[in-house]
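Q: Here you go, one structure.
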Amino acid sequence: MWKLKIAEGQNGPYLYSTNNYVGRQTWEFDPNGGTIEERAKIEEARQQFWNNRYKVKPSSDLLWRIQFLGEKNFKQKIPAVKVEEGEEISHEVATIALHRAVNFFSALQATDGHWPAENAGPLFFLPPLVMCMYITGHLNTVFPAEHRKEILRYIYCHQNEDGGWGLHIEGHSTMFCTALSYICMRILGEGPDGGVNNACARARKWILDHGSVTAIPSWGKTWLSILGVFEWIGTNPMPPEFWILPSFLPVHPAKMWCYCRMVYMPMSYLYGKRFVGPITPLILQLREELYDRPYDEINWKKVRHVCAKEDLYYPHPLVQDLMWDSLYICTEPLLTRWPFNKLRNKALEVTMKHIHYEDENSRYITIGCVEKVLCMLACWVEDPNGDYFKKHLARIPDYLWVAEDGMKMQSFGSQEWDTGFAIQALLASEMNDEIADTLRKGHDFIKQSQVTNNPSGDFKGMYRHISKGSWTFSDQDHGWQVSDCTAEALKCCLLLSTMPRELVGQAMEPGRLYDSVNVVLSLQSKNGGLAAWEPAGASEYLELLNPTEFFADIVIEHEYVECTASSIQALVLFKKLYPGHRTKEINIFIDNAVKYLEDVQMPDGSWYGNWGVCFTYGSWFALGGLVAAGKSYNNSAAVRKGVEFLLRTQRSDGGWGESYRSCPDKVYRELETNDSNLVQTAWALMGLIHSGQADRDPKPLHRAAKLLINSQMEDGDFPQQEITGVFMKNCMLHYAAYRNIYPLWGLAEYRKNVLLPLENN
């Protein structure tokens, strides 16, 4: 039986932590673990997922939940309640439903105070890791038999009916992820016609029917070249000389978005080396299986710009293709020959210096899973027996996650992000005495997860921003500051500081709060919006150089509605509790941030959500930020338009249901199913409550709350539905904790702000 381990790790030469591994999540397989009942539940969960895999694509994340609830002997003692047709919701019924949700969710808290959860969904995360382990000869040690079994389960569970795999678990089939998944199955031991339901044969047919892997996007061309089933001359150049350009140039790496920078850093190293893994019998077989013509007859130069239409979200502009062609025809031939190859060697040396710096400052977690595998492979190419690679191996378990649909690779974990919202949801329930231990542990986790130092050495010279006082998306070891993660954690610390110490623990020291405020203030742009990781400000025209085909807006850092709104709320609360600290700066910050939210509102009254689906998510954040800054339905046209949008999109069952297609299409798309999405319903409900809807017409709120109450399960859980997270416009991300956090929070705000005033009258 698989078991989730929390905050475990032994300090040694290859594994170390800045805060004793608080927040770390790792899975271990115990062949003798679990009771007969627990094993039966897990098998039932696996079978149910398989049977419904085309209806509900995200997992319900049940394995660790079964484990935790069993360890705590949790039993829901409060009977379920339902609101009948035509019946009004009483304060008592809302309290019972909320109490049940709070009881259940509190039981899911880990020993270190955070809430574990899957944070995955993209189907290009895991295969490169498997490929990397195959190339380096560590496949069987990193992925023993039970790991391989669960990886294959995941691949089978998310194969589309047409035989392919999407960019993410809810997406249409793409060449990129179909080819990667096929290769992954073959590496893990499946034959050309093997796999459950003829998985390999169906996948290969899809690939060949759609033009073969010559039509794979650029990232796929890179990985296949590394593996040896594609040729580097069929890829666009990624010159490592980029890292030794003068800093005044507009295309300097310091001006790039951190994730773009961190992907192309190791990619350019591997490209500069023209590294190719061992050509094994399997690689030779793949060369035959993945193409519609003999491998040695392919004109590689002609396939550089070829991309399957199923993968193409961002068509490259002509200026970009001209740039690649210039580098390919003119620059690369020079840089690979004497004496210019000396410049190439210098560039490779500098690039590797940056890779090591980033690895060390993230404790070898790196900024994310795509970057992790590339940096790890680059370290192996530099020195297969070196300590750098061994340190990378020690952090692979941090990325692996097991659920009823198998083993997948996480983005890098959402521990801090989820916990920040979880604490706010629980505080809104006003059941503080009953859940004091839960709040105290959550408070401790947040305090222990704050980043306490800037990156090491001359961090600005390594293109890094301040991080002292920030919070990351995951844990302290990760090290990368994020504005909204910082703002949400800061809100928690401020709210908890107003409560009795004996109830929730020692308040965070003011100096550490000041450090957090400093980070948030530093990330505001001239237009008033907040960037996420680093200050924005590079020229927008650089997006014309976006080298990917399936993402948008990845070259430079941008401002985001959610980051801006979270930061407004945090600083308004901070100003109230610490009125003497940087007051003038904070006032200016809030005014400019409000103007940004007003400026980016869509014509239909909504706001585009960059990290959740989509206009519902963005509108909840924006309304919360505007109201916190003193805007209201009466004095703000933006608030009125936002409210009208939410009311207009409410469905007949009282909920909201927005399709993930809204994100790439940038237009509101309703779910095609009749059932509303409970997470989105909670977002919209809270957005309307922020705006004072209860005073105008509470009926839409009652209808939404009724849906949440009636959808609650027997144990106090809520059902898993459609995926609700997103990044880079076109790729969805499964936040498994959202189905608990937001319905609970929505009911808490409803009970506190809608029902209580009515009862007091």
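Including glycine, each Cβ sits where the backbone N, Cα and C put it.
The active site, proton donor feature in Swiss-Prot is assigned to Asp484; the stated evidence is similarity to another entry. If you look up Swiss-Prot, you'll see 148-189 marked as repeat 'PFTB 1'. Look at Swiss-Prot and you will find 513-558 tagged as repeat 'PFTB 2'. According to Swiss-Prot, the feature repeat 'PFTB 3' maps to 590-630. Marked as repeat 'PFTB 5' by Swiss-Prot: 701-742.
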Q: Kindly state the mean pLDDT of the repeat 'PFTB 3' (590-630) in the predicted structure.
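A: A mean pLDDT of 99 is what the model gives the repeat 'PFTB 3' (590-630).
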Q: With every protein chain in view, how many other Cβ atoms are within 10 Å of the Cβ of Asp484 (active site, proton donor)?
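A: The answer is 25.
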Q: Work out, from DSSP, the number of helix, strand and coil residues along the repeat 'PFTB 2' (513-558).
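A: Per-class counts: 16 helix, 3 strand, 27 coil.
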